[in-house]
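Everything below concerns the one structure shown next.
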Amino acid sequence: LQGIFVLGLPYALLHSGYSGLLLIVLAAALCCYTGKILIACLYEENENGQLIRVRDTYEDIANACCKKLSPSLGGIVVNVTQVVELIMTCILYLVVSGNLLSHSFPHVPMTEKTWSVIAFVTLLPCIFIRTLKIVSKLSQLCSLVHFVIIFVVITYCLTQMHQWSWAKFRLSLEFEDFLVSIGVIIFSYTSQIFLPTLEGNMKNPGEFRCMLNWTHFFACVLKTTFALTAFLTWGEKTKEVITDNLPSFLETLVNLCLLTKALLSYPLPFFAATEIVYSCISKDNHSNYRSPLLALTVRGSFLLLTLLMAMFTPHFALLMGLSGSVTGAAMTFLLPSLFHLKLKWKKLSFLEKCADISVFILGFLCSLAGIVCSIKGLLEVFE
């Protein structure tokens with residue numbers, strides 16, 4: 001999903017001006033920080049002062065925080081939130097795929113929904129994905145395609161350097177447009193939902209913090225460069241998806257690359273969602289958890305669910321914004337900071353406590369603002 005949001009960063013700069021550049025850097029730092037404190041909640045010190053991994057998932061962390069209230073309440077809330085966010089992400093990939101195909105082949109007499117069905121057919125092999133290793137290979141290809149897209153757009157923008165002007169940046173801001181920019185920038189970095197599984201599958205988990213630092217640093221540099229060069233090229237004419245600003249021959253090429261990226265991105269949230277369901281099933285009946293028939297049924301059901309919702313959900317963009325404001329902000333800012341304060345309170349310094357509280361407040365405000373804007377948009381559409 002990050003690639004989809006990256007293409008909206010120049011549009012975010014259009015509405016946020018110089019503050020947007022600061023937000024790109026700040027969002028990278030905050031998301032990197034919440035990723036670290038979330039993983040810290042997986043560990044506890046033993047009698048010798050050594051850190052031992054006593055929890056494996058986001059669900060385990062939530063249950064540890066809520067065990068006095070209810071042994072499984074926290075895990076249920078987290079699992080539902082995760083599954084909703086992952087399903088909505090999968091649906092978005094199908095919707096985007098249909099949209100890209102219809103724009104790439106405008107003379108073919110097919111609707112976007114028909115193209116989405118065609119994209120869905122290419123994703124049917126996902127029901128046979130059983131390990132994260134396969135997903136990681138697809139993600140590597142996805143990253144390669146992503147860099148090709150960024151390279152093409154930046155290269156074209158550099159050929160237009162003679163048109164660049166810093167005067168294109170806004171000094172005055174409209175509040176609602178600024179909130180939209182915050183949402184686009186922040187959610188272009190979100191990955192916390194995958195981090196416990198990722199850290200647990202690393203050959204050397206001790207390198208996780210270093211990996212997180214470098215990935216967020218390079219992501220920040222790349223996103224800043226991309227957003228800045230694209231906005232300086234088109235200024236006030238910058239469109240919501242920057243590829244729409246490209247000349248027609250480049251737009252078709254980039255759209256096909258985006259389609260490839262969307263299809264390669266689908267398996268990661270799909271795999272994560274099915275793994276959450278499997279872990280819930282395994283608690284009640286471990287033998288069924290290993291049943292190949294059950295595995296195919298669950299994966300097939302998830303695939304079909306994403307297709308049906310992509311086909312029949314009205315005003316999906318607004319509903320996605322509402323869901324993202326609730327689940328995205330919760331999983332990225334609210335819950336990591338809250339869980340860290342709960343589990344590590346006695347061992348945290350004053351500055352660490354202040355940092356966690358500040359992140360929680362910021363996440364709450366962003367979530368609230370996003371919910372208000374999304375509901376307002378939905379009401380305007382229905383009226």
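Indices start at 1 and increase along the chain as displayed.
The backbone N, Cα and C atoms fix where each Cβ goes, and this holds for glycine too.
Positions annotated as domain 'Amino acid transporter transmembrane' by TrEMBL: 2-375.
Through the fold, the transmembrane segment (20-43) approaches residues 9, 12-13, 51-56, 58, 60-61, 64, 181-182, 185-186, 188-192, 195-196, 199, 208-209, 212-213, 216-217, 219-220, 223-224, 227-228, 332-333, 336-337, 339-340, 343-344, 355-356, 359, 362 of its own chain, all at least 6 residues removed from its boundaries and within a Cβ separation under 8 Å. The transmembrane segment annotation in TrEMBL covers 20-43 (among others).
Summarising the annotation, TrEMBL assigns transmembrane segment to 76-95 (among others).
Distant neighbours of the transmembrane segment (115-132): 94-95, 97-99, 101-102, 197, 201, 259, 262-263, 266-267, 270-271, 295-296, 299-300, 303, 306-307, 310-311; these residues of the same chain sit at least 6 beyond its ends, with a Cβ under 8 Å from one of its Cβ atoms. Here TrEMBL flags 115-132 (among others) as transmembrane segment.
Among the features that TrEMBL reports, transmembrane segment is placed at 144-166 (among others). Through the fold, the transmembrane segment (144-166) approaches residues 3, 6-7, 222, 225-226, 229-230, 232-233, 235, 242-243, 246-247, 250, 253-254, 257-258, 260-261, 264 of its own chain, all at least 6 residues removed from its boundaries and within a Cβ separation under 8 Å.
Taken from TrEMBL, the feature transmembrane segment applies to 178-198 (among others). Note on the transmembrane segment (178-198): residues 1-2, 5-6, 8-9, 11-13, 15-16, 19-20, 23-24, 27-28, 30-31, 34-35, 38-39, 42, 56-58, 61, 82, 85-86, 132, 216, 219, 223, 268, 272, 275, 321, 324-325, 328-329, 331-332, 336, 366, 369-370, 373 of its chain, located 6 or more positions outside it, place their CB under 8 angstroms from a CB of the stretch.
Under the heading transmembrane segment, TrEMBL lists 210-233 (among others). Remote same-chain partners of the transmembrane segment (210-233), defined as residues 6 or more beyond its termini with a Cβ less than 8 Å from a stretch Cβ, comprise 2, 6, 9-10, 12-14, 20-21, 24-25, 28-29, 31-32, 35-36, 150, 153-154, 156-158, 160, 163-166, 168-169, 188-189, 202, 242, 245.
For the transmembrane segment (253-281), the list of distant contacts is 1, 3-4, 7, 57, 59, 79, 82-83, 86-87, 89-90, 93-94, 96-97, 100-101, 103-104, 119, 122-123, 126, 129, 132, 134-135, 138-139, 141-142, 145-146, 148-149, 152-153, 193-194, 197, 243, 246, 288-289, 294-295, 298-299, 302-303, 306: same-chain residues at least six beyond its ends, Cβ to Cβ under 8 Å. If you look up TrEMBL, you'll see 253-281 (among others) marked as transmembrane segment.
Per TrEMBL, transmembrane segment is recorded for 293-312 (among others). Distant neighbours of the transmembrane segment (293-312): 87, 90-91, 94-95, 98, 113, 116-117, 120, 123-124, 126-127, 129-130, 270, 273-274, 277-278, 281; these residues of the same chain sit at least 6 beyond its ends, with a Cβ under 8 Å from one of its Cβ atoms.
Feature annotation from TrEMBL assigns transmembrane segment to 318-339 (among others).
Annotated transmembrane segment per TrEMBL: 359-379 (among others), in sequence order.
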